[in-house]
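Chemist: Structure below; questions to follow.
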Amino acid sequence: MAVRQNIWQKRKMSNGYCGLLYYFYFLFLLTTMFAMTHGKSLKNDGEFFYNCLKHRNSPQWINSFADNRARKCLRFLKSIRSSVAKDQPSNNDERTHESRRSELSISSYLSALISWRNKEGDLADLLLDRISPCHRQSKELRKHWTKFFMKRRNSAAVAPAILQHTWEGNSGEITFRPIKTRFSSNTLIAAELVLTRLSPSDIGELFGRYSTRVSLKSHNARTVMHSDYQSSCPSRDGRFMVLEMETDHLFQWYHNRSRNFSLSVSVIPRRQYTSPLVQEPINVVERIVGLVMHFERSYSGPNNDMDRSRRLLLQALTGSPDTLSNSMSGDSHQEDTHFGRSAEATRRRRSPTRASKRKRRQIRHKKSSPSYEACHLVPFIVDDSFTRNIRVSWDPVNGPTPWNIWECQGNCSHPIPSHLVTTYHAITLSELNRKLCCVPTEHRTLHYTRNNDGEITFEEFQKMVATKCGCL
């Protein structure tokens, strides 16, 4: 009896193991099928758009599709016509576009990425329209590029300095210097190679599909680090090509500080539909502008990102990363630091003009309305020396942009509006007629890029920009 029970238990265990193996095998098959379907859908979208343009004068071909596919084709053709009409440049627009064409660089791409991180615009307007204009016609493309940038939303990144680069026809080479910047985290999460191209609207391109390939140049063999397809649609903003890179070899090079890193790149037109039609394919790429490597941020351990931000903040305030550290440890001989206001701004603040005096008189007359002086956000622009001390990198097209970190001003006298009192402590003090202060209660991180001898890094100041005020 005991032997039979032992055999029954062994069979039960073996059946459990087999069930578990079947479960993992089924999960693996589902994952593989999803990846293959996703890749095919992106490729099929490109073929569908090309055939839609090719047969745009054939209603029978469009009507042969199901309703959703026919609507998709008609919507694509409508967007093509509207884009072509909108992109007809005037003489002034053409001169401006020509003057800015040569100024596009890796800083332009990084500035757009920083603006998106700082919530200064929508992802589609800042990045997707410049990289993949077809995302407005293809949900799969939009989903793909949104996932691409969400992975890079909070990373610490570096763009290595370029030693030399060439581009001729549909291929080119680029060599990068060793990276000097060291990050506290050793996790390389993503990387992309950035190229500039001719605007699709400038060459009359209605649709294009390109085969992109990046290889690592070495003495033994060429290792493929990227191989994919990219599509283009009519747009004056579609000036960038972004190629996602394999990270293993980049990570090894990052740790080897002594050697350069060379890549061979090719962008070959597979399908081009232009107006007017041309027989020979057009090589649209202008040049390779840079490489961006994204690392995971770390806020613990020695030399973490928090300590790095603190040192940069001290350098921005004083011009030296060590000047203010003594005052933080209690040194009373440290000179006062004026944050944001220059001597000229301080002089203007102390000697008000007639207009400001008139405004103060008006405020005195309006003291009867407490909502006029209620605690609220007002702009606070930091001085140019703040960004100059830490060598902030700017977009060459738009130039330096003032940093507005906001500040809180206003009255916190009783009775205080409910939206300004966020804690029970403040409510209690307010009811007891104690004086409360108007201070920021919510902040956001300020992202920026910094230039260090041709090497551009992504930096951040956490809780730097005030977004909401309250009485505390």
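Positions of Cβ are set from backbone N, Cα and C atoms, glycine also.
So TrEMBL lists these for the protein:
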{"type": "TRANSMEM", "residues": "20-39", "note": "transmembrane segment"}
{"type": "COMPBIAS", "residues": "320-331", "note": "compositional bias 'Polar residues'"}
{"type": "REGION", "residues": "320-370", "note": "region 'Disordered'"}
{"type": "COMPBIAS", "residues": "332-346", "note": "compositional bias 'Basic and acidic residues'"}
{"type": "COMPBIAS", "residues": "347-368", "note": "compositional bias 'Basic residues'"}
{"type": "DOMAIN", "residues": "358-472", "note": "domain 'TGF-beta family profile'"}
{"type": "DOMAIN", "residues": "450-471", "note": "domain 'EF-hand'"}
Chemist: Which residues of the chain, 6 or more past the ends of the domain 'EF-hand' (450-471), have a CB below 8 A from one of its CBs?
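Modeler: Hits for the domain 'EF-hand' (450-471): 106-107, 110, 114, 155-162, 177, 179-181, 305-306, 308-309, 312-313, 375-377, 390-393, 404-408, 410, 412, 416, 420-422, 426, 430, 436-444.
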Chemist: Take the domain 'TGF-beta family profile' (358-472) and average the pLDDT across it for me.
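Modeler: Here the mean pLDDT over the domain 'TGF-beta family profile' (358-472) amounts to 82.
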Chemist: Can you tell me how the residues of the domain 'TGF-beta family profile' (358-472) break down into helix, strand and coil by DSSP?
Modeler: 29 helix, 43 strand, 43 coil
